[in-house]
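Worksheet for the structure shown next.
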């Protein structure tokens, strides 16, 4: 299967879904102040909406995105698009997140990976710093997941929404969901963190560092100062390869590729130029993705995720989780290498310990962490009921 | 805990063990022919022995080593050594691999990682090619696990051993153990592959590629041609960091480091120069190891492991395993990210399917793959009984 086909199949939901064509919109926050106290003169970000905000303004659902994702959660930009947004299987008319009923808002984060993707609008190290007229590079403030949430708070105010009916996101989108519930418990009714846990533990911190490692070794990275020359695309491609592998499962790699060679007759035991198919496909996926992504943005995302503790409490991993008092649905899978099932269960146990209602939904599948994106439809009716509950 | 202390603690067995001081010995195979038909004029390798070969020559046990290991399996070179060989807890007078009874032979592989470690003797890309007077570099033949075994067959003949009483090794040493049993069933009595399975599946192939990825990105690597200049030590250090993390477990990283910062008061959220302790320790371990290792040797080890199918049968993953007809003891752990428990159980089921006796021993512990090295003593009495069985 060709890579583009494979990616299309990976992302494809059922044919129907959110029917109207989707348009990327944008919003700007002037003098956005980070939680660390730094000021970003202009924070410009993209977002998409599906459905309509009702008059009471109480039917809005926020969908923050995962590490390598963006605000394209549902629908298509044009009839010809190979695939709709990543959670199209649960968002649309009649679907669990029913756009006849809810107004769905999906937002690009700052330092979004796809800085050079025409369908992403973000602000980060690749953006021109209005004060210098040059890209920020590594002088861009180090952000946190809390800062991402604060940009969404800004959008919320611009849209005139007082309270989200729900916040739901996968992986890094799940971290943003926890953060909303821990930090702004009055601004949402319920929360659905998917394939994510309440803080970045040492294991995740270390693996995130491994993800970013190839970028720092690419001589083109040059300490993050590369916007005048060649981008560190080779390092970024390898970084994205690691993410893809880590977010998948042995069941997938073994089932899809086995010990096949990249080219028939080209034995990897005979020549260094030959390789295995699984490596070749992962390299191809990484390279394709690298061409629209930014290496510094990748490193900023790594650091944002490493810093994550829900609610960012000083001195306690648990306080932010205990501050959550809206109903919680945790969707996870035990085959997840990035956010293992036991970390999610521990998170849920802490939230529940002071009486907050927590429901668990365990996904089945063969794709590991990615099942939270590819396999989300199996939780559809549970999500629908959770959203509809009084 | 300081890194050196940590490594000492990681590797330390009980104080007593193999009592005599150990000396590295060496052997040479002239015109060693690889299974791929390439000739290496001089294959010079190190080995260690513990105990004495008996007159019948039937008490010898071979211990091939793991990816980042070498032939120092037991004992100390000098009284002052911080730690003995890696399996000292099970090798020695009165221990499960009882050196009063058995003659234990542990061999450095070709393309051993520690090419610049004074306690390793190996032949590989860092070695001078006698025909050119320069290091082989990437012109060194691509080797297989089968080639490693064939060097051990050469040593066996030089030592006058007809048949191993047993072959036992961990991880890549386990692959060599399978290979012995599949390829040379008449040359051993029994086999104990530890934390390893019967072939490299797509998942392992891909992860091995990830391990090597930082080396290829280091500009000093220069396509493998660096022996006249700076070695790609930064890339190699990152490669070794990934191996360390992958061979460990979340239980270890989380328990040992939590979310601690590398330096008190140096918040990773404030400055790119700051980092988390887990990352800092892994970087330190990688760098320390890189200084005595060789980057090309690392890549040759990756490719040897990727190619592995027990017995190297054409067209079948299983035939080599079915060819095994000596008793097998498989020691594994379910917390292993490198060779998952289900792959080991599948391997055992195939071997067993034609009546070959297979025993499983499951290790407990908190160190993942590494428990096959650090926690091997818990299998001690099972190993002793297996070695003593008629």
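Backbone N, Cα and C define each Cβ position, glycine as well.
As recorded in TrEMBL, the features of this protein are as follows:
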- A:171: active site, nucleophile (ACT_SITE)
- A:336: active site (ACT_SITE)
- A:369: active site (ACT_SITE)
- A:85-370: domain 'AB hydrolase-1' (DOMAIN)
What's the CA-CA gap between residue A:336 (active site) and residue A:369 (active site) in angstrom, rounded?
4
Cα-Cα, residue A:369 (active site) versus the residue listed as 'active site, nucleophile', nearest Å, comes out at 8
Which same-chain residues, if any, lie at least 6 apart from residue A:171 (active site, nucleophile) yet have Cβ under 8 Å of it:
A:66, A:67, A:194, A:195, A:196, A:247, A:338, A:339, A:369, A:372, A:373
In which DSSP state, out of helix, strand and coil, do we find residue A:369 (active site)?
helix
I'd like the number of other C-beta atoms within 10 A of the C-beta of residue A:369 (active site), please.
25
Count the other Cβ atoms sitting within 10 Å of the Cβ of residue A:336 (active site), across every protein chain shown.
25
Average the per-residue pLDDT over the domain 'AB hydrolase-1' (A:85-370) and send me the rounded value.
97
According to DSSP, which of helix, strand or coil covers residue A:336 (active site)?
coil
